[in-house]
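Student: Structure below; questions to follow.
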Amino acid sequence: MRCLKKKTLLFLLIFVSLNVHRTPSQEAHPARQRKPFFERLRRLEEQFQRFQQVTLTHLQNIANNYNVYHNMDVRFQSLVEQSQAVALAMNQSQAAIQGDVAHLKTWYRKSQRRSRKVDARLQALDLSLSTKSRQWVEKEGEQKAQREAIASLALSVQALQDALASLTQQVHSQGARLAALEGQTQSASSGTVALGLTTAPTPTQLAQRGPGSLQLWRDRQVAKSSPQHRSSPHDVTVHVQEMQKFQTPSSHQAAPPRTYQGPGNICNTDPVLIFPNTSTENVIFLSPGFLMPLRALSFCSWVRMATSHLGTLLSYATKDNDNKLVLHGRNSLVPGSIHFVIGDPDFRELSLKPLLDGQWHHICIIWTSVEGKYWLHIDRRLVATGSRFREGYEIPPGGSLVLGQEQDTVGGEFDSSEAFVGSISGLAIWDRALLPREVANLASGKELPTGAILTLTNVTSVGGFVQRAKCTCLEQCP
């Protein structure tokens with residue numbers, strides 16, 4: 001651009017100098033030559049103007065081209081910068097990618113090592129599982145054989161339980177009959193007469209004695225006519241001996257022998273405990289309670305009622321259940337009845353109406369978990385029996401045992417409507433089912449059977465208005 005300007009200026013200077021040198025030579029010519037000169041000058045001026053226009057146009061084109069080139073340079077510079085930025089970003093990305101690739105390679109190597117370890121563990125587990133599966137198959141075979149043996153043993157045990165229950169029922173029935181016969185012989189004879197030497201009474205005589213004696217005579221006649229249903233004395237003796245072998249030894253000493261002073265007189269039965277009213281403070285605690293789980297139970301006592309309803313004789317409560325064992329009476333129940341509760345809410349309603357006459361009576365309530373059988377004896381007579389009551393159940397140890405009140409919590413929350421009013425004497429509890437002869441001996445005033453786990457010697461606390469009375473014979477107590 002600068003070179004072009006210089007050339008244009010140089011051309012103008014040369015042109016002007018030529019025109020200047022021509023002017024003096026022309027002055028000498030005549031005036032007639034001035035006109036063409038001016039025309040030439042005018043044409044030159046027009047040419048110069050055209051040239052100037054062309055030059056300006058050319059210069060404008062050059063300037064425009066320069067601007068285009070300048071813009072292109074700017075754009076190229078921008079593109080260079082952008083390419084540099086892209087290259088930098090590419091370098092950074094490449095560095096990051098290389099780092100990620102290195103990390104992935106490291107992770108891949110670690111994964112390979114872990115996979116090899118896992119493969120080794122899986123192989124070991126597979127081997128162990130195969131070994132255990134073989135052992136499991138062998139154990140399953142052994143367990144199957146054991147289950148078959150257990151099933152066979154259960155059938156044998158069930159058969160033995162059935163046989164034992166049948167024998168126990170026979171022993172109780174035979175004992176009740178023998179006790180009735182002993183009572184008849186004692187009332188009919190003034191001396192001691194052997195049972196085998198007495199003359200069998202006639203049906204007329206038995207009818208005069210009462211319907212119970214006549215029914216007993218009929219049972220004996222049926223037994224004689226049916227030998228297959230008759231139990232010999234030898235069988236009964238053997239069963240009694242077997243039952244005595246399984247009696248649990250007790251830490252309590254046997255009570256002193258009771259003195260039998262004739263019909264209707266029971267003496268030396270332990271102190272008499274008198275509950276005068278329905279106060280909730282009238283309660284007796286026994287300790288220790290049951291030290292071992294009980295699968296059988298015998299509760300026997302002399303009782304004299306002083307009200308028209310039976311109160312609660314005994315209550316055994318644990319933290320899990322406040323009615324694990326209850327002889328529960330209440331003024332809202334049927335007169336003369338109590339609820340025999342084992343493991344609430346199961347119970348059996350027992351009728352004790354003979355006790356409402358205000359006289360002394362001997363009661364024995366017996367229960368065993370074998371087939372859930374239970375028996376109620378009043379004055380040595382079997383008055384009620386049943387089965388399927390808490391079959392297979394165990395009365396747990398460690399609870400609170402009280403007389404005269406029903407516990408709604410362990411050792412408390414008594415209700416006066418459930419309180420016992422009357423007298424108790426000779427109370428004892430066994431962890432086995434007493435035999436009928438043992439029950440008859442108790443009702444006759446003889447010594448306690450061995451193995452009693454609780455008696456009135458275990459009384460640890462007497463509360464409220466409960467009184468202790470020492471009477472030679474029960475009939476003499478107030």
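The backbone N, Cα and C atoms fix where each Cβ goes, and this holds for glycine too.
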Student: Choosing among Cys267, Cys364, which residue does Swiss-Prot name as bonded to Cys300 by a disulfide?
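Tutor: Out of the candidates Cys267, Cys364, the one Swiss-Prot links to Cys300 is Cys364.
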Student: Any same-chain residues 6+ apart from Asp408 (Ca(2+) 1 binding site) with CB under 8 Å of its CB? Would you list them in sequence order, or say none?
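Tutor: Correct list: Asp322, Phe414, Asp415.
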Student: Sort out for me which one of Asp322, Glu406 has the most neighbouring CB atoms within 10 A, since those are the binding-site residues we care about.
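Tutor: Sorting the candidates by Cβ neighbours within 10 Å, the top entry is Glu406.
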Student: Would you kindly give the Cα-Cα distance separating Cys300 (disulfide bond) and Gln407 (Ca(2+) 1 binding site), rounded to the nearest Å?
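Tutor: Just about 21 Å between their Cα atoms.
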Student: Hey, does DSSP put Asp322 (Ca(2+) 1 binding site) in a helix, a strand, or just coil?
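Tutor: Where Asp322 (Ca(2+) 1 binding site) sits, the three-state DSSP reduction gives coil.
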Student: Quiz question: given the binding-site residues Asn323, Gln407, which has the greatest number of C-beta atoms lying within 10 angstroms of its own C-beta?
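Tutor: Per the Cβ count, the most surrounded site is Gln407.
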